[in-house]
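*Asks:* Shown below is the structure under consideration.
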Amino acid sequence: MSDVPTVVRTPAELAAVRGEGTVALVPTMGALHDGHVQLMKHARPLAQTVVVSIFVNPTQFAPGEDFEAYPRTLDADLERCDEAGVDVVLLPEVATMYPDGPDSGVVVEPGPLGRVLEGEQRPTHFRGVLTVVAKLFGIVRPDVAVFGEKDFQQLVLIRRMVRELSMGVDVVGCPIVREADGLAMSSRNVYLGADDRARASVLHRALTAGVDAAPRGAEHVLAAARAVLDAEGVVPDYLTLTGPDLDEAVPGQEARLLIAARIGTPRLLDNIGLVLGPTTHEGA
Ligand code: AMP
């Protein structure tokens, strides 16, 4: 489309620039980093028009979480969108997304998968995520939507929502973009103090230790990852091995190792794919 992204704020403004061609949507909460830019670049060849939404969604934050403090860097974000060849940036107001207020109106319930892992700590989080993504899909009507594997449970739940509600959007996942020491990029990494920032690579080190142990089976994966965490005195909220859809991990097949841990102030998430070896007996 054009050289510089067109900024729109309402569904009507979006409809006026959307055009009739194919559309790829990259939903974000802003404070854009290289992980987001990768999603935009991945989206670019997938459709004629690439739309990035920037919306800090109040309904996915629980009371006491960082909704007000969440980093907001709009000018820099628009520059990153421009550099990545984005056509349209959608910047809706809370009142546009939630005309009857954030606490009333129709919601999308994620079901049991929304209550485990992240959902155990944050029971209303995925209802907020799925509801806002469904609203964005309704406004933008994308052919394709691009999400990061960084938020792996979110990606799995969005795929399920699209399938179960027959939304007809092609959901594409992108690998995690990391800092040089392995820390997964996140808008919340700015909350890390210097000492905690240095320690934060422990999550990725634990995951890669798990990958190295994968040929020896699930128990070894978890033990190897836990040993790295123990050595740094990190007690994770969870360290779990699942199948690729957060189902049960099966020996000899692809699996996902997921971790969440608080390092200083922020709670960090990470995950990695691996292929499990056949079952082995303890001590084998
Ligand atoms: P957020 O702005 O944090 O809500 O993230 C918007 C999208 O960017 C989500 O699909 C995230 O999974 C994705 N994302 C965030 N960080 C990364 C990263 N380090 N690598 C890849 N994708 C990411």
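Backbone N, Cα and C define each Cβ position, glycine as well.
Source: prediction; values computed, not measured.
According to TrEMBL, the ATP binding site annotation covers 29-36, 148-151, Val177, 185-188. Residues or ranges marked as active site, proton donor by TrEMBL: His36. Per TrEMBL, the feature beta-alanine binding site maps to Gln60. The annotation (R)-pantoate binding site is assigned in TrEMBL to Gln60, Gln154.
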*Asks:* Which secondary structure state does DSSP assign to Gln60 (beta-alanine binding site), in the simple three-class scheme?
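*Replies:* In the DSSP reduction, Gln60 (beta-alanine binding site) maps to helix.
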*Asks:* If you compare CA-to-CA distances from Val177 (ATP binding site) to each of the recorded positions His36, Gln60, Gln154, which comes out shortest?
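*Replies:* So, of the listed recorded positions, the one sitting closest to Val177 (ATP binding site) is His36.
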*Asks:* Taking ligand 1 as the reference, state which of the binding-site residues Met29, Gln60, Val177 have a Cβ closer than 6 Å to one of its atoms.
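*Replies:* Those binding-site residues that pass the cut-off, since their Cβ is under 6 Å from ligand 1, are Met29, Val177.
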*Asks:* Sequence gap of 6 or more, C-beta under 8 Å: which same-chain residues meet both conditions with respect to His36 (active site, proton donor)?
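*Replies:* Same-chain residues close to His36 (active site, proton donor) (Cβ under 8 Å, separated by 6 or more) are Val26, Thr28, Val52, Arg80, Gly148.
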*Asks:* Among the binding-site residues listed here, Met29, Leu32, Val177, which has the most company in the form of other Cβ atoms within 10 Å of its Cβ?
*Replies:* Leu32
*Asks:* About how far apart, in whole Å, are the alpha carbons (Cα) of the residue listed as 'beta-alanine binding site' and Met29 (ATP binding site)?
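*Replies:* Given the Cα positions, the residue listed as 'beta-alanine binding site' is 11 Å from Met29 (ATP binding site).
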